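Asks: Straight out of Swiss-Prot:
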type	residues	note
TRANSMEM	34-54	transmembrane segment
TRANSMEM	59-81	transmembrane segment
TRANSMEM	108-128	transmembrane segment
TRANSMEM	141-161	transmembrane segment
TRANSMEM	170-190	transmembrane segment
TRANSMEM	212-232	transmembrane segment
TRANSMEM	263-283	transmembrane segment
TRANSMEM	305-325	transmembrane segment
TRANSMEM	361-381	transmembrane segment
TRANSMEM	383-403	transmembrane segment
TRANSMEM	422-442	transmembrane segment
């Protein structure tokens, strides 16, 4: 990585929200914390995306609570990587996309941009599919119409942005807590064994010795870190009004932004654990192999004998509501991440509505095409979701490695560069995640061919 200095005429990351939310470094710690409470919510939404739902619930249904430990490891890994993006954004005034373009040679940066754009599209595809399926389950809206409806999210986002970024944070927070409370209720109704749940957070040798458990554990760990979240977080932490030239204020901003991130990621961790616990408590030792998609999960909840007809109907409906909320939540964050990547790599100066419409259209079009080709076949559309998750695995090293190189660069980061122990852990994590994702890609294609 070149040691070029940050250009003074570099366009601000998400300039319409950059440096717009008040942060007074002289205020109380409580006020500072409240000032920085918000960006982590948008990031947490990405860790609760619909693409991870099936893995969690199917893992619980097949192997009980054993995989809760894998969930814990994935969340601790996410906390470390997101804290690095926080430091990058605040210390340098650049987001990850800008940094990659600015400090890598142009040909390499272009390759990284293409992969980043495809990763954003892959993320968005999962949300479009999840939202379209939720609308179909709740209101019997055809999938193709549901996919087209998701385009309207772009204009809703533009409308809300007029009233400030805090409104976006509040809406995302509302959606996250909607999902959280739905699954708290569903897990309560499913009556899991508390001792068995707690025991699931202890590592078991089965995770390594049982190929089936290992595969899903790798899926939980490897697919949890979302590329778009790294671009997103490095940008939106710059929405606060700390001094860009005062290291003391930067240090405070990093401290409270990291606290915010860790709290919100803990909430996402709870949600993903609840999904796994729900799958384990209702479907363990049953026909877990039949829980391959959202429709399967919906109908399994609806017809589960333990719940009864009335409660089964309530549980399945709430599941669809949570799926819709999760899709809308991730739609907002995915659209913003798409804008960050496009601006950061290309320096495009086009109207916000057009930029966001392009980002969303690139995700909706493949879904629409597949719906037409497969005549609305839900199983085929859910298979497209699997392919989108595979591509995210491919794309992950292309944002993790620049992040690691940048945050360990003293000339770039100043006093906020990675300490030796952070470098050791992060490089180890990056290597392991990359190996896991290669393994997942191979296994996924073997399953699809089989």
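Backbone N, Cα and C atoms are what each Cβ position is placed from, and that goes for glycine too.
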Asks: Under a Cβ pair cut-off of under 8 Å, which of the recorded stretches 34-54, 108-128, 141-161, 383-403 contacts the transmembrane segment (170-190) most often?
Replies: 34-54
Asks: Looking at the stretches 34-54, 108-128, 263-283, 422-442, which one shares the most CB pairs under 8 Å with the transmembrane segment (141-161)?
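Replies: If we count Cβ pairs closer than 8 Å to the transmembrane segment (141-161), 108-128 scores highest.
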Asks: So which of 212-232, 263-283, 361-381, 383-403, 422-442 has the most C-beta pairs under 8 Å when paired with the transmembrane segment (108-128)?
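Replies: It is 383-403 that shares the most Cβ pairs under 8 Å with the transmembrane segment (108-128).
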Asks: Cβ under 8 Å, sequence separation of at least 6 from the ends of the transmembrane segment (212-232): give me the contacting residues as numbers and ranges.
Replies: 42-43, 46-47, 49, 51-52, 55-56, 58-59, 62-63, 66-67, 70-71, 73-75, 77-78, 81-82, 85, 95-97, 116, 119-120, 123, 206, 272, 333-334, 336-338, 340-341, 344, 389, 392-393, 395-396, 398-400, 403, 433, 436-437, 439-440, 443
